[in-house]
Amino acid sequence: MSTSDSIVSSQTKQSSWRKSDTTWTLGLFGTAIGAGVLFFPIRAGFGGLIPILLMLVLAYPIAFYCHRALARLCLSGSNPSGNITETVEEHFGKTGGVVITFLYFFAICPLLWIYGVTITNTFMTFWENQLGFAPLNRGFVALFLLLLMAFVIWFGKDLMVKVMSYLVWPFVASLVLISLSLIPYWNSAVIDQVDLGSLSLTGHDGILITVWLGISIMVFSFNFSPIVSSFVVSKREEYEKDFGRDFTERKCSQIISRASMLMVAVVMFFAFSCLFTLSPANMAEAKAQNIPVLSYLANHFASMTGTKTTFAITLEYAASIIALVAIFKSFFGHYLGTLEGLNGLILKFGYKGDKTKVSLGKLNTLSMIFIMGSTWVVAYANPNILDLIEAMGAPIIASLLCLLPMYAIRKAPSLAKYRGRLDNVFVTVIGLLTILNIVYKLF
C-alpha cells in the first residue's frame, strides 16, 4: 500500500462512527433520563409559555457545553486510565483530590434525600387517589419504603444493577409514549394566558426570575456528570494511542453533543406535552402538593368528570406506576454512588486511608445506617422538592459540572488552549446563576 493510500485509510478510520460511540451516546442519554425529569415540567411550565420557550433555547447549550467542559477536564490528565479524582490530584495536589471527593459525595447524597421525599409522596398519592385507601402515617410509609430498598440493596446488589440497566430504556420509551398519549388532551389554556401587555421581566413571577430558577432544574434534570469520567477513560483507551488526544476530545464532544440532543428532544417534548395538557395553574398546584408531574397527571385523570375512557383509566394508573419505577431506579443508582463516596470519606478520615483497619462489610453497614437514617428524616420532614433541588441539589452539581472545569482551565497548563473562549463564559454564568439560587431562596 502506498503512503497516500495509508493516509486515506487512516483518515477514513478516524472519521468513522463506531458501535462503541453509539453505545456511549445512548449510555449518557440513559443516565440523564431519570426521576429528575419528572420535576422539570413543573418548574418549566410554572411561568407559562414564554419562559418554557426560552428554556427550550437554553436547554441544548446548557447540556452540551457544561458536560463538554467536564469531559475536557477529565481528558487533561497524563494517565489515559486516570479518573477525575486522579486528574484533579495531578493538577491541584492531594487537597484537590479531597475537594473532589467531597463534591462527588455532596452532589449525590442530597439527590437521595430528594428521591426519599419523592418516593414517599408518590406512593402515598397512589395509595390514596388511585387505590382509594385511607391515608397512612407518613413516617411509617417512608420507613417501610426505605427498609424495603435497603433489603433489596443488601441482599441483591448485583441483581439490582442488572435490573436498573434494563429499566433505562423502558422508562425512556414510557416517557415518549405518555407524551404522545397526552396529545388528544392538549388544550390552548397556556396560550390563552399569554398577555403581552402585562408581561413582566422582573419581580417574583417575572420572566427573568422564572427562567433563572428554571436553569437550576435544567442543570439537575439534564445531568449525566456521574458517568462522564468513566466515559472519557473508555474513549481515551480506545482512541488516544492511535489518533492522539485532540482527536479523542473531538470524538467525546461529538458523542456528548448527540446525547444532549436526544436528551433535550425527549425531555422538552415531555414538558411541552404536560404543559399543553395541564396549565400553569396546575403546575403551581403540583409544586404545592410536592409530587412529580406524572403523579399529578394521574390525579388529574382520576378527577375527570363523566364517563372516562379505558385509555384515560390506563393512563391514570400507568403514570403513577411509571413514576414509582423511575424513582426506585434513580434511588438505587444514586445510592451506589453515595455509598462509594461515603465509604471513601470514612476510610480517608476515620482510618487514614488504611483499608486493612476496617472490613468492607463494616464500611457498608456504617454508610447504609447514615444514608438511610438521614434520608428517612428528610422524607418525614417533607420539604418542598423543587425548593430542595434549587437550593441544594442543583448548586452542588453546578459547582462540579460548571465551575470546577472552568477553574481548571484557568489554572492547569494542559488546559491552557481552551482559555478565552465564549463558551467558557456561558458555562461559568450558568454555574454562578445556579449557585446564586441559594441566595434567592434565603431572601
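Note that Cβ sites are derived from N, Cα and C of the backbone, with glycine treated the same way.
Look at Swiss-Prot and you will find 22-42 (among others) tagged as transmembrane segment.
Sequence-distant contacts of the transmembrane segment (44-64), counting only residues of its own chain at least 6 positions beyond either end whose CB sits under 8 Å from a CB of the stretch, comprise 32, 190-191, 193-194, 199, 205, 207, 210-211, 214-215, 217-219, 222, 256-257, 260-261, 263-264, 267-268, 271-272, 274-275, 278, 280, 283-284, 287, 426, 430. The transmembrane segment feature in Swiss-Prot is assigned to 44-64 (among others); the stated evidence is sequence analysis.
Residues or ranges marked as transmembrane segment in Swiss-Prot: 97-117 (among others). The list of residues near the transmembrane segment (97-117) in space but at least 6 beyond its ends in sequence, with Cβ under 8 angstroms from a Cβ of it, reads 35-36, 84-86, 88-89, 142, 146, 225-226, 290, 327, 330-331, 334-335, 337-338, 341-342, 344-345, 348, 371, 374-376, 378-379, 382-383, 385, 388-389, 392-393, 396-397, 399-400, 404.
Residues annotated as transmembrane segment in Swiss-Prot, with sequence analysis given as evidence: 140-160 (among others).
Same-chain residues lying 6 or more positions outside the transmembrane segment (163-183) and placing a CB less than 8 Å from one of its CB atoms are 29-31, 33-34, 37, 266, 269-270, 273-274, 276-277, 294, 297, 311, 315, 318-319, 322, 325-326, 329, 332-333. Per Swiss-Prot, the feature transmembrane segment maps to 163-183 (among others); the stated evidence is sequence analysis.
Counting residues 6+ beyond its ends, the transmembrane segment (207-227) has Cβ neighbours under 8 Å at 27-29, 31-32, 36-37, 39-40, 43-44, 46-47, 50-52, 54-55, 58-59, 62-63, 66-67, 70, 107-108, 199-201, 259-260, 263-264, 267, 337, 386, 389-390, 393-395, 397-398, 400-402, 430, 433-434, 437, 440 in the same chain. Annotated transmembrane segment per Swiss-Prot: 207-227 (among others), in sequence order, evidence recorded as sequence analysis.
Residues or ranges marked as transmembrane segment in Swiss-Prot (evidence: sequence analysis): 261-281 (among others). Note on the transmembrane segment (261-281): residues 25-26, 29, 32-33, 37, 40-41, 44-49, 52, 56, 59-60, 63, 172, 175-176, 178-180, 182-183, 185-187, 189-190, 193, 221-222, 224, 293, 296-297, 300 of its chain, located 6 or more positions outside it, place their CB under 8 angstroms from a CB of the stretch.
Taken from Swiss-Prot, the feature transmembrane segment covers 311-331 (among others), and the record attributes it to sequence analysis. Same-chain neighbours of the transmembrane segment (311-331): 34-38, 111-112, 115-116, 118-119, 122-123, 125-126, 130, 149, 164, 167-168, 171, 174-175, 178, 181-182, 292, 294-295, 297-298, 301-302, 304, counting only residues six or more beyond its ends whose CB sits under 8 Å from a CB of the stretch.
Marked as transmembrane segment by Swiss-Prot on the basis of sequence analysis: 366-386 (among others).
Residues 36, 39, 66-67, 69-70, 72-73, 76, 88, 91, 100, 103-104, 106-107, 110-111, 114, 213, 216-217, 219-220, 223, 225, 415-416, 418-419, 424, 427-428, 430-432, 434-435, 437-438, 441 of the same chain lie 6+ residues outside the transmembrane segment (389-409) yet bring a C-beta within less than 8 angstroms of a C-beta in it. Marked as transmembrane segment by Swiss-Prot: 389-409 (among others).
Marked as transmembrane segment by Swiss-Prot: 423-443 (among others).
Counting only same-chain residues 6+ beyond the ends of the transmembrane segment (366-386), those with a CB under 8 A from a CB of the stretch are 39, 42-43, 109, 112-114, 116-121, 138-139, 142-143, 146-147, 150, 153-154, 217, 287, 290, 335, 338-339, 342-343, 346.
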